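Remarks on the structure that follows.
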Amino acid sequence: MNPNCARCGKIVYPTEKVNCLDKYWHKACFHCETCKMTLNMKNYKGYEKKPYCNAHYPKQSFTMVADTPENLRLKQQSELQSQVRYKEEFEKNKGKGFSVVADTPELQRIKKTQDQISNIKYHEEFEKSRMGPSGGEGVEPERREAQDSSSYRRPTEQQQPQPHHIPTSAPVYQQPQQQQMTSSYGGYKEPAAPVSIQRSAPGGGGKRYRAVYDYSAADEDEVSFQDGDTIVNVQQIDDGWMYGTVERTGDTGMLPANYVEAI
């Protein structure tokens, strides 16, 4: 249904309709309220939802007010209220910005834990990239050399996981066979226990290290230690990992090389 014109009240058809100031107008009825000049969408100015030309557009006029004591008091009171509101907003938003955090022992522990997690993730990514399909053939000889030197195999390099103290369990199992061999020859009754003990000890040359950071084991083949612990029977596996025994707890396993220093 066609709307009515806001000026003359007659029906406005689409061919002559002007939609402006939230009303509908005929093109001929859309003129200035004062001089009746026909306006368009480019040169009109609206005031109280009525069209005006640029010359007759109502202008705001300001009245001069004398600086009486009452007016000065009101002005000063308004400024004080504005200043009070500004301080209130400032105090409300004060805690939402940057604030200095005290370096407490709890925050230091959290920071150290995050550094350890980042270091572990770095080593995991390094191991994954080193054991990828493209570089698997070149890494295999290095892996075998590490197994022969340390008598230890990481779970990621074998199909079935083995117990934590692998070097001590294997020679004990071979001891009865050695005794049977010596008894079959006859006359030689010296026990083969020293041989098994000699193999069970890690071949690290008696190196001793001291822990400079706390470390929590991230895998079953690793050991946990605290700052200041002594690591004995240490042997180097690669640039990033070592194998040794924590003297305080007696646990044996892998540990990161950058968490300890030589004594």
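Using N, Cα and C of the backbone, Cβ positions are placed for all residues, glycine too.
Here is what Swiss-Prot says about this protein:
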DOMAIN    5-56  domain 'LIM zinc-binding'
REPEAT    61-95  repeat 'Nebulin 1'
MOD_RES   THR68  phosphothreonine
REPEAT    97-131  repeat 'Nebulin 2'
MOD_RES   SER99  phosphoserine
MOD_RES   THR104  phosphothreonine
MOD_RES   SER118  phosphoserine
MOD_RES   SER134  phosphoserine
COMPBIAS  148-162  compositional bias 'Polar residues'
MOD_RES   THR156  phosphothreonine
DOMAIN    204-263  domain 'SH3'
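All features noted in Swiss-Prot, drawn onto the structure.
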residue : record           : Cβ neighbours (10 Å)
THR68   : phosphothreonine : 9
THR104  : phosphothreonine : 9
SER118  : phosphoserine    : 10
Distance [Cα-Cα, Å, rounded] between SER118 (phosphoserine) and THR104 (phosphothreonine): 21
Cα-Cα distance linking THR104 (phosphothreonine) and THR68 (phosphothreonine), given in Å to the nearest integer: 60
DSSP three-state assignment for SER118 (phosphoserine): helix
Averaged pLDDT, computed only over the residues in the repeat 'Nebulin 2' (97-131): 79
Residue counts (helix, strand, coil, in that order) that DSSP gives for the domain 'SH3' (204-263): 3 helix, 27 strand, 30 coil
